[in-house]
């Protein structure tokens, strides 16, 4: 497994206890990093790559979204790469920050009829890919990123979040 140094902070929202969240996030993101290294030949720093995860609520993520993206609305996840990076290039020792909003996550999970943990896993993987330079603005980029998300989630035993197919 690829080593990550994951720092978490629960700022607001009805999240699970920090120790449970820490273990959960380590399992998900270590699997994602391992997948990128093995399947996509993504180079990783020799030392444990650092990233921070902030678990918050809709009010907080709305303020962050307005400040950094000019969108005055809550969203499910935001990612802030520490350094500009292109997929396949060596990232810096600090990958960046991922911020997740509890209410939006819970509402979307209910709408999608998915377990909370499954949707959280998807959002963590999605945010993590952004830290490596993946994006979904252009159709071809979105297709590539969604394909990676689907394959990583399948490795974790979860179905395709963009379709109704069970994992292979």
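The backbone N, Cα and C atoms fix where each Cβ goes, and this holds for glycine too.
According to Swiss-Prot, the feature Zn(2+) binding site maps to 126, 130, 136. Cβ neighbour count for residue 130 (Zn(2+) binding site) (all protein chains, 10 Å cutoff from its Cβ): 20. Classification of residue 130 (Zn(2+) binding site) by DSSP places it within a helix.
Cβ neighbour density within 10 Å is lowest for 136 among the binding-site residues 126, 136.
For the recorded Zn(2+) site, residues 126, 130, 136 set the reference point as the centre of their Cβ atoms, and the other residues of that chain within 8 Å of it by Cβ are 77, 79, 127, 129, 134, 135, 145, 149.
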